[in-house]
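Annotation comment: TrEMBL describes 54-125 as domain 'PA'. What TrEMBL records for 153-176, 197-222, 228-250, 271-288, 294-311, 323-343, 384-404, 416-439, 445-462 is transmembrane segment.
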Amino acid sequence: VAADEGILHASGSGVPPVTKDYCIIYNSNWISLPKSLDNATSRTLENLTSTVLCSSSEVPSGLMKDKAVVVMRGNCTSLEKARIAQSLGAKMLLIASKPRLSPLSDNKTDFEDVTLPVALIRYNDIVDMQLTLGNEVNVTLYSPPLPEFDCSMVVIFLIAVFTVALGGYWSGVAELENLKAIASPGERETRRKKEENVTFTPVTVILFVVICCVMLVLLYFFYKWLVYVIISVFCLASAMSLYNCLAALIGEIPFGQCRIACCNKNIEVRLIFLAVFCIAAAVIWAVFRNEDRWAWILQDILGVAFCLNFIKTLKMPNFKSCVILLGLLLLYDVFFVFITPFITKNGASIMVEVAAGPFGNSEKLPVVIRVPRLEYSASTLCDMPFSLLGFGDIIVPGLLVAYCRRFDVQTSSSSVYYISCTIAYAIGMVLTFIVLALMKMGQPALLYLVPCTLITSSLVAWRRKEMKKFWKGSSYQVGWMP
């Protein structure tokens, strides 16, 4: 069964004529539609949605002559309707469907004599057409090719690079504050305990990757239950992350610092309002998460805050741990995208299945940055397709960028590691998009991001003759590791 999306271009009889486009579904094995509006033929639309056209006796003789006809779906097959419409002189058949549009899958070999275009259209669109354009409407069918490149990729690129760069910079600012704090008596033990809670060691890196693998497999088999667990965790974590990000900004503003006493503590009033705001943002997203027209904006804001807080909070102790983490997650990404299709029964990638929602599940995992496709096409008219980038493709390289920034702070190296690694990340993203456009299939972004960032960081350290120190971490870090 071949199902394709196309465009119905409708124009009214007014001066100047009012026009509007609607989504159609057709079968390219039955008929090919023009690729542009200029090459398409316009027909007058005859609205016969009061009938299902399963018999030629349902309509008066001559009513369909040289017209486009719309009838209701049901009672007989699409090609049976098409044969009747063609015998009565129709030049185009539209079948209005109240349920969701589905592929046209009748047996064409039994209807070789049917040559007129047949397409499905939403019944609500027919009603809208009458209300918007009037009763005298001309329609044209065409199916433009998908654009090779969509501008949503540029938006994804800017969000990813901005988040990685800002997360790394924020981590460097926190490191500078820690360096200043340990110069004060009594601060070292407090800082040591704090660092133990947020620092990845090689053992915890391996454990983290194992947990990722187990969680992905569990999601594949128990998606319809675990997806709500992930949604709940995302709401909680993103609200806390948004609070941490905005609190850091508010802390720089010297106004509105009035406090109230609560539970033997003095709390700034503005932070209470901030907490309420962040919780409300997460709750609103949870309630309206399936509103594709605008909920993606809120999800992206919460997602960026989550990634920023993750990059700033989790610290890699040295380049060795970075290599282990990025290397293992690269293998994880490649295995679950490219290798699992040879293992699963339906030949589908576990990673792609989970990201898309297996078994047609309407609930999607909120672990991606989503940007709707911006180029006009039949796909954007029929649905709202999104360009996606997983949080892991931001956080994992971002941890290396953050380590480079902290190493710059510790060694006073004028941000050379940080800037180089950030540029390498941007190059890796561009390379990912190029391969995506050429291969026209989902790509494990870490396959390109990990080599770009690791190789660039290694070359900078080698060129500056600091590889040993970069590999083991600064003396400051080594001295405080348990």
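Easy rule for this one: first residue shown is 1, then count along the chain.
Any Cβ shown, glycine's included, is placed from N, Cα and C.
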Considering pairs 6 or more residues apart, do the transmembrane segment (294-311) and the transmembrane segment (197-222) have at least three CB pairs under 8 Å?
-> no
Checking 228-250, 323-343, 384-404, 445-462 against the transmembrane segment (153-176) for Cβ pairs under 8 Å, the most are found for 384-404
Restricting to the same chain and to residues at least six past its boundaries, which positions have a Cβ under 8 Å from a Cβ of the transmembrane segment (445-462)?
-> 319, 322-323, 326-327, 329-330, 333-334, 389-390, 392-393, 396-397, 400-401, 404, 416-417, 420-421, 423-425, 427-429, 431-432, 435, 469-471
Under an 8 Å Cβ to Cβ limit, what residues of the same chain, 6 or more beyond the ends of the transmembrane segment (384-404), are close to it?
-> 150, 152-153, 155-156, 159-160, 163-165, 167-168, 171-172, 200, 292-293, 296, 303, 306-307, 310-312, 314-316, 318-319, 322, 325-326, 329, 333, 355, 367-373, 417-418, 420-422, 425, 428, 445-446, 449-450, 453-454, 457
Within-chain partners of the transmembrane segment (323-343) [C-beta distance under 8 Å, separation at least 6 from its ends] = 200, 202, 205-206, 208-209, 212-213, 216, 316, 349-352, 392, 396-397, 399-400, 442-447, 450, 453-454
Tally of residues which DSSP labels helix, strand or coil - the domain 'PA' (54-125) = 20 helix, 18 strand, 34 coil
